[in-house]
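Would you mind keeping the following structure in view while I ask a few things?
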């Protein structure tokens with residue numbers, strides 16, 4: 001993860017320490033596969049549900065979006081639960097809820113039961129989306145935090161790909177069993193994760209908040225590899241939690257149970273907290289206004305509109321979308337700690353805007369030529385353009401906006417506000433996701449499918465301006481120092497007023513100068 005050969009201020013190697021954090025982050029992020037699987041598998045399952053249960057377009061939109069409405073409820077409660085019960089137990093709780101929802105959907109005899117199962121699974125998704133990046137960010141070092149807190153997003157993409165593959169393979173089953181098998185399959189990994197997660201350590205930052213400093217130190221020793229570094233990190237975490245350096249074990253930090261956080265976030269925020277809140281909620285607000293959910297959930301309809309006729313060909317094309325998304329998130333993980341959040345996010349948006357404009361153009365030409373005698377001949381170039389730009393759009397989103405959103409939201413909040421602040425960001429994310437997924441069919445029927453993607457392109461331009469002016473770089477800064485990054489005013493990000501710091505356990509490199517750390 002980019003730290004294999006780094007040395008700290010005393011010349012000791014510190015590369016091996018990241019392997020433990022990587023392993024913990026991978027296990028903690030597996031919960032996100034379940035959320036991705038549900039999104040991917042539903043895109044194909046809806047084709048069969050419509051045939052079997054005779055649902056109309058309104059019911060399809062409700063089925064697509066209700067998961068995100070219920071995820072909104074889950075994410076808003078997950079922060080408080082994780083502050084009270086711990087990050088690890090919250091992951092197990094999320095997997096248990098998703099297990100119940102998958103069973104209900106897999107056994108659903110009618111649309112009403114299917115909708116209830118989707119709602120239950122949605123609550124689990126809300127918990128998963130909030131807790132996975134928080135756990136990864138809190139277990140990682142500053143040097144690898146971007147990559148590790150992006151792992152939940154790659155797990156989402158892997159889940160989407162698995163959902164698309166399940167659609168393709170299970171489509172051959174009889175209609176009454178096919179879509180139920182697709183949706184019910186998610187119960188198996190959920191049950192395994194609900195139990196297996198207890199093999200992971202608890203977040204050392206949460207343990208410090210509870211006054212369990214000896215347990216936190218034991219985790220840090222395994223992560224850091226040296227006693228001195230573990231002690232330094234423990235002191236930093238205690239200071240961020242509001243505990244004196246010599247506090248006795250068993251003394252919890254102020255607000256360790258999460259009480260009073262809403263007041264500090266929304267009623268009486270300090271200027272840095274206010275800027276953090278705007279940045280964190282803003283990246284989630286714009287995340288789905290790029291139209292990614294419309295493409296992922298309704299890609300079969302988009303491919304049909306682009307001229308791909310048979311159902312097997314449509315499902316095969318969606319598998320290609322899943323592969324593209326997964327591959328480019330892997331690229332993002334390699335880049336996010338090397339080139340920084342801002343450059344990756346803004347470059348990603350440039351690709352998104354170009355792809356959406358071309359996709360809108362291609363679909364508009366196809367639609368206008370649909371009355372011609374030779375529909376495919378008249379718009380062959382437009383068909384090729386539309387299909388190609390679905391893939392370039394997914395690639396552009398996955399290499400920056402997707403993973404950076406989750407990384408940024410999980411690292412900008414101070415420790416005392418992190419869990420509940422992140423949960424609000426996830427709630428905003430789910431709300432916009434639900435709005436897009438539940439209205440896309442109606443939207444493209446009102447302004448044409450090409451017009452819908454032109455609209456998303458315009459909103460992506462607004463997203464680029466927002467991130468450029470209001471979101472400073474956080475690359476390389478310890479979690480305990482990120483709050484300081486937001487103390488330089490609203491527009492410090494694009495003026496270069498907030499130099500990135502690269503922490504190396506004993507030194508901080510900023511503006512090309514090396515300063516010794518205490």
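Positions of Cβ are set from backbone N, Cα and C atoms, glycine also.
In case it's useful when we look at the structure, here is the feature table from TrEMBL:
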type: DOMAIN; residues: 24-475; note: domain 'Major facilitator superfamily (MFS) profile'
type: TRANSMEM; residues: 20-40; note: transmembrane segment
type: TRANSMEM; residues: 60-79; note: transmembrane segment
type: TRANSMEM; residues: 91-109; note: transmembrane segment
type: TRANSMEM; residues: 115-136; note: transmembrane segment
type: TRANSMEM; residues: 148-171; note: transmembrane segment
type: TRANSMEM; residues: 177-200; note: transmembrane segment
type: TRANSMEM; residues: 276-299; note: transmembrane segment
type: TRANSMEM; residues: 314-337; note: transmembrane segment
type: TRANSMEM; residues: 344-366; note: transmembrane segment
type: TRANSMEM; residues: 378-406; note: transmembrane segment
type: TRANSMEM; residues: 453-471; note: transmembrane segment
Please give the sequence-distant neighbours of the transmembrane segment (276-299): residues at least 6 beyond its ends with Cβ less than 8 Å from one of its Cβ atoms.
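Contacts of the transmembrane segment (276-299) (Cβ under 8 Å, skipping residues fewer than 6 from its ends): 39-40, 42-43, 64, 160, 265-266, 269, 317-318, 321, 325, 349, 352, 356, 390, 393-394, 397, 401-402, 404-405, 408-409, 412-414, 421-422, 424-426, 428-429, 432-433, 435-437, 440-441, 452-453, 456, 459-460, 462-463, 466-467, 470-472, 483, 486.
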Does the structure show the transmembrane segment (378-406) and the transmembrane segment (314-337) touching, where I'm treating 3 or more Cβ pairs under 8 angstroms (sequence separation 6 or more) as a contact?
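Between the transmembrane segment (314-337) and the transmembrane segment (378-406), which are separate recorded stretches, there is contact, as judged by 3 or more close Cβ pairs.
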Using a Cβ distance cut-off of under 8 Å, indicate which of 91-109, 314-337, 344-366 has the most pairs with the transmembrane segment (148-171).
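Looking only at 91-109, 314-337, 344-366, the most contacts with the transmembrane segment (148-171) come from 314-337.
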Select the range from 60-79, 91-109, 177-200, 344-366, 453-471 that forms the most Cβ-Cβ pairs under 8 Å with the transmembrane segment (314-337).
344-366
Would you report the average pLDDT that the model assigns to the domain 'Major facilitator superfamily (MFS) profile' (24-475)?
83
